[in-house]
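Reading through the C-alpha cells given below for one structure.
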Amino acid sequence: MSSRKQLANAIRALSMDGVQKANSGHPGAPMGMADIAEVLWRSHLNHNPQNPNWADRDRFVLSNGHGSMLIYSLLHLSGYELSIDDLKNFRQLHSKTPGHPEYGYAPGIETTTGPLGQGITNAVGMAIAEKALAAQFNKPGHDIVDHFTYVFMGDGCLMEGISHEACSLAGTLGLGKLIAFWDDNGISIDGHVEGWFSDDTPKRFEAYGWHVIPAVDGHDADAINAAIEAAKAETSRPTLICTKTIIGFGSPNKAGSHDCHGAPLGNDEIKAAREFLGWEHAPFEIPADIYAAWDAKQAGASKEAAWNEKFAAYAKAYPAEAAEYKRRVAGELPANWEAATSEIIANLQANPANIASRKASQNALEAFGKLLPEFMGGSADLAPSNLTMWSGSKSLTAEDASGNYIHYGVREFGMTAIINGIALHGGFVPYGATFLMFMEYARNAMRMAALMKVQNIQVYTHDSIGLGEDGPTHQPVEQIASLRMTPNMSTWRPCDQVESAVAWKLAIERKDAPSALIFSRQNLAQQPRSAEQVANIAKGGYILKDCAGQPELILIATGSEVELAVAAYEQLSAEGKAVRVVSMPSTDAFDKQDAAYREAVLPAAVTKRIAIEAGIADFWYKYVGFGGRIIGMTSFGESAPAGELFKLFGFTTENVVKQAKELLA
C-alpha cells in the first residue's frame, strides 16, 4: 500500500509538471494543500467519478481557483474523465483544464472560481440549497438529501469583502454541512501577508457563529482527519478548519515564499523537489499502485448504489414527493407550466392596471409562485421596496430551512454569488433583488453567472432618475447598458404588467443564463395589445403602435419611457405624421431574432429614428444610427422630485415631439 505522503506527492508532482509544461500557473497552493486534499478526497468525500452529477454527492469547491492544478490532479487521479493528456494541456486553447477551474469543462468542477472569495460564497449557496432541499423532502427514516459542501480557500479569499458577507450569513443560517479549509500559509503575491492581513481569523469566524478548529498541521494526515471528523460531527454550525501549511511544500528552495505562488518552479527546482519528496518518476508519470490507491470509481459507484436503494424506499413510501424531487433536481418545469402561464399573461392583458412595474413583478411572482415550489427568493434587505415577497413566501432560517425566501441582509455581492451556488446545486429557481444602482456591488457575480451559464434571476428596481429625491447616488444611469453588454446576460426593462410577466416567464424558463429584470418605482400606464403583439413581447422588440404604410419615423423606447413614446406618437399622428412605436424591453432577445423579423420591426429604409430611455444615451446608436437621435442620459442625475427630473433631462412629450419634427424637417 502506498503511503499517504506518496499519494499526496502525486498531486504535487502533477501540479509542478502541469505548470511547468504550460510555462504559467500557480504551483504553490496545490503543493501546500496536497496533504489536506488527499485525506479529504480519499477518506471523506462522497462522490462518483462515473457519475459526476449524482444528486446527493458531496460538493467540493476550490475557492482559491488559481491553484487549479490541485483539482485537476484530484479529478484525474480519482478516475474522472480527465486524462493525463488533459493535464498536459493545462492552460491551452480549448482544453478541459483552463487556467482557473471552469464549470462545464472538466467533469467534477462544481463552479468556476478565480475571482477570490466567490468560491466560498458559491459554496454557501450550495450548503443553503442542501439544507433547504433536505428540509423540504426528507422524511423520518428517509434522508435522501444528506451531503456536505467542502471548500478550500486561501488568505486572498478571506481578504475579499465578499467572504465577510457570505460567511456571516452562513453562520446566521447555521449551515452545519458546510466545512471550509483555510490554507493558512502566510503568503500572497506581494510576499508575507502580515503586513496587510493581520486579522485573528479564528476569532473572526467564531464571531460569525462558526465552529472553528484552529492550528491544524496541514501536513499531518492524522491531524487533518481528526479535524474533518470533528467538523462533520458539528451539525448546527458551519466549520472552519484552520490548516497551517507551507506554500510549495516539497520545493527545497522556494517553499514558504511567494516565489512559488504564481510562476513555474523551473526544471532545476522541480528536479530538486522530486529528490526532496522521494518521487522518482518522470514528468506526468504516475505508478500503477498510486493510481490504484487513488481510484474512487468502485467506491463511488457503491455509494451511489446505496443511495439509489434509499431513494427507491423513499419513492415507495412517498411517491408524489419522490416524483417532485426528481423533477426539481432535473430542472424541469411543472407539466402545466406553459398553459397556466399563457393564461395568466392573457388575463393580465385583458385586465389593465396602471401600476409600477415593480408591483407588476410582484404580481407575476404571486401568479407564477403558486406553480413553482422550487422558487427560492430573496432580497438584499429591500423586500418592501423590491416587492419580492408574495403570499407564499416563507422565510428560511437556521431553525426552519423549509422556507423559500432568504433574507440576505445588505449583502448584494454575497447574495448574487450565493444564488449562483444555489443554482449550481440544483433543485431551485433562485432569484434575488436590490436597487438597480446597487447591482454595481454585485456585478462580478452576475458576470460569473453569465460565464458559467447558470440561472440567476435578479430583480433590479428603482431603475432610473424616476427614483427622484434620493438623488444621483441612488439613480442608475449606465447600469442597464453594462448589463446588456455582458455576454450571455438576458436583460429586460418592461413597460407594464404584461411585459413584466413575460419577462418573468422567460427568465424562469431560461436555465442556461442569468436574467436581469429591471423595474420602475413609479406607476406606468398599461398598453393595449393584440394577441399577436403579446406573443411578440418574447422577441424582445415589437411594433406597439403603427401607421398606414411605411413609417417616416420610428420611436424606440423601453420601460417607463414607452408611454412617453406613445403620447408623442399620438400627437404626431394627429398632425399627419407617419410614425411607428417600437417597444424594446430586451435588446438581447431582439438581437437574436432572424433578420426578416428585425427588418420588419426596424426597416433599414427608415433612417429617422429616436430612441428614448432614461439610461445612458450612447448604447442606442446601434439602433438609431448616427443619423438618428437619442433622448437619454449623458450625465448623472440630481436630487429632486421625479417629475421635475424627467422634465429637466428632456423626458417629456413636448421634447420628443420637438426632436421628431426637427428630424423630419
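Counting begins at 1 with the first residue displayed.
Cβ atoms are placed via backbone N, Cα and C, with glycine included.
Not measured: the values here are computed from a predicted model.
Sequence-distant neighbours of Glu412 (active site, proton donor) (same chain, 6+ apart, CB under 8 A from its CB) are Ala380, Thr434, Phe438, Met439, Tyr441, Ala442. The active site, proton donor annotation in Swiss-Prot covers Glu412.
According to Swiss-Prot, the feature substrate binding site maps to His26, His261, Arg358, Ser385, His462, Asp470, Arg521, an assignment based on similarity to another entry. Annotation note: His462 (substrate binding site) sits in a coil segment as assigned by DSSP. Long-range Cβ neighbours of His462 (substrate binding site) (same chain, at least 6 residues apart, Cβ-Cβ under 8 Å): Arg358, Ser385, Phe435, Leu436, Met437, His474, Pro476, Ser520, Arg521.
If you look up Swiss-Prot, you'll see His66, Gly114, Pro115, Leu116, Gly156, Asn185, His261, Phe438 marked as thiamine diphosphate binding site. Residue environment of Leu116 (thiamine diphosphate binding site) contains 22 other Cβ atoms, counted within 10 Å of its Cβ in all protein chains.
Under the heading Mg(2+) binding site, Swiss-Prot lists Asp155, Asn185, Ile187. Under DSSP, Ile187 (Mg(2+) binding site) is assigned to a strand (E or B) in the three-state scheme.
Taken from Swiss-Prot, the feature site 'Important for catalytic activity' applies to His26 (among others). Residue environment of His26 (substrate binding site) contains 26 other Cβ atoms, counted within 10 Å of its Cβ in all protein chains. According to its DSSP assignment, His26 (substrate binding site) is coil.
The site 'Important for catalytic activity' annotation in Swiss-Prot covers His261 (among others), and the record cites similarity to another entry as its basis. His261 (substrate binding site) falls outside any helix or strand according to DSSP and counts as coil. Under a cutoff of 8 A between CB atoms, and with a sequence separation of 6+ in the same chain, the neighbours of His261 (substrate binding site) are His26, Gly28, Ala29, Ile187, Ser188, Ile189, Ile247, Gly248.
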Integer Cα-Cα distance in angstrom, Pro115 (thiamine diphosphate binding site) to Asp155 (Mg(2+) binding site): 13
If H, G and I count as helix, E and B as strand, and all else as coil, what does DSSP give for Gly114 (thiamine diphosphate binding site)? coil
Within 10 angstroms of the C-beta of Gly156 (thiamine diphosphate binding site), what count of other C-beta atoms is obtained when all protein chains are considered? 20
Please work out which residue of Asp155, Asp470 has the most C-beta neighbours within 10 angstroms of its C-beta, and give that one of the binding-site residues. Asp155
Other than Asp155, Asn185, Ile187, which residues of the same chain sit close to Mg(2+)? List them in sequence order, counting a residue when its Cβ is within 8 Å of the Cβ centroid of the site. Gly154, Asp183, Asp184, Gly186, Ser188, Val193, Thr245, Ile247
How long is the line from the C-alpha of Gly156 (thiamine diphosphate binding site) to the C-alpha of Asp470 (substrate binding site), rounded to the nearest angstrom? 35
Per DSSP, His66 (thiamine diphosphate binding site) is which: helix, strand or coil? helix
